[in-house]
């Protein structure tokens, strides 16, 4: 039952486990308790399959503590039945049937009722859960495979369910060497074409792919196979569907009443009122719910930029300044800080990642340093500049050289994830492979070179499904990926390259331990615009051996290319994007080169390399015995 302390935390905006108190909860001796927040309702009834959807049978009682919570026991409710709250507003004659904001399960869309359900599961991921802290740490290798469950693979045109996906996805992710998967939102959503970003069920995995227990099995199985699971989570807005959160009790309860604050013009959706404490408790509880009940390893928070700015996607007269006259959404800032503090307090071995596309400062810095408190942030600037550079014909790249070097000016201002996400392969943008210039051979070579540069660049890695084998058409949610192309040599070679790149990345601490420290990076050749060559060192902590990375972004092979290196000994070529096995031309350095005692680039030793066309090479230093 809800204690006075629960009510206090709820109204203070700091209750992090409301899902244990509100919503529908089956009782061991039969029946279920129901509770819903509707402070402006005149009456609330539970209508469902057991009472033939009559509003005259199971009426709830309003608590007398001013919380606005209606509650009651329904004797005849059993697991699996559909239900809604029939709300009669105290404002006029407005009445509506609403889905339960705290429902654990819902009917498959287009049906909109909630389902009576419970969340028991015999978890078998103890080994993962007890040891995941180092795997999710900032100094760990992190190569994330972003996936949309409805369009990764299908069976005869139909969705795979959570259990089928668990086994086939785990096999594939292990084969490809990724460390984590990031799921585009699985929170219940009425419109499949929203990809999950128009959420109505903040505590329910979508029933399109099975039950809550099926999704628990999905996470459990991936954990048992050593794969972390991250979830896209959307506290930035919600859809206006009648059964959802909007105008919940005849008033703008979850959203602002003024459309200049409460309506999102770009997404045609409602914006949460982050200044309302009960709404904050709802959202914080939703975020922690997935970490608690589903053992997820982290949240990627969608649309953070839209939350931070009151004038986001608005014309000059379409927004209301904050109390200081500024454009910053102070309530959203405070909410995000409170959310991150709650996550890291309750689940310190998980992580939060912000999708934030502006230069808002200290997104991934602790709240006690006036930061937002996220663990990491997507580096949208790196993504835009890198793709803009790679889309240039190689002959023109010398005029855009800075687009690949500029990211290192700010690379350590935040804890960055480098994303090549679903956003880059939709809405007419084409596929990653399709963005690359040249003939088919050059397109594959360009994409391999980009991936090599990306995996060596400071920051964790994220790649959307299909990019790893060079999907030809841009992504669509209405079918599966073009798996058939992996039988073609160029695509198969790219797929082998990404798998090997992941293995090399995970084996070399220099490529991940100091992702967020300037001590982990050093330019060797930053200004060779005329040759479009880039060379840099990545360094591990504790004086470990550095790794040399060299990219040649033209189709001209270069021989006897001299670069300064800090150490004598053998520099072993651990991966070459132009290797024949990956579909390349086979140029290379025959396994590596010996450093000469010739000073160059201000360093005591140097190497003379063969740089293949459109390639990235990674060299590991091997000291002499």
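Placed from the backbone N, Cα and C atoms, the Cβ positions cover glycine too.
The annotation active site, nucleophile is assigned in Swiss-Prot to 302 on the grounds of sequence analysis. Residues or ranges marked as active site, proton donor in Swiss-Prot: 355.
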Cα-Cα distance linking residue 355 (active site, proton donor) and residue 302 (active site, nucleophile), given in Å to the nearest integer: 5
The residue listed as 'active site, nucleophile': secondary structure state under DSSP, collapsed to three categories: coil
Neighbourhood of residue 355 (active site, proton donor), C-beta criterion under 8 angstroms, separation at least six: 300, 301, 302, 303, 304, 305, 378
Other C-beta atoms that fall within 10 angstroms of the C-beta of residue 302 (active site, nucleophile): 20
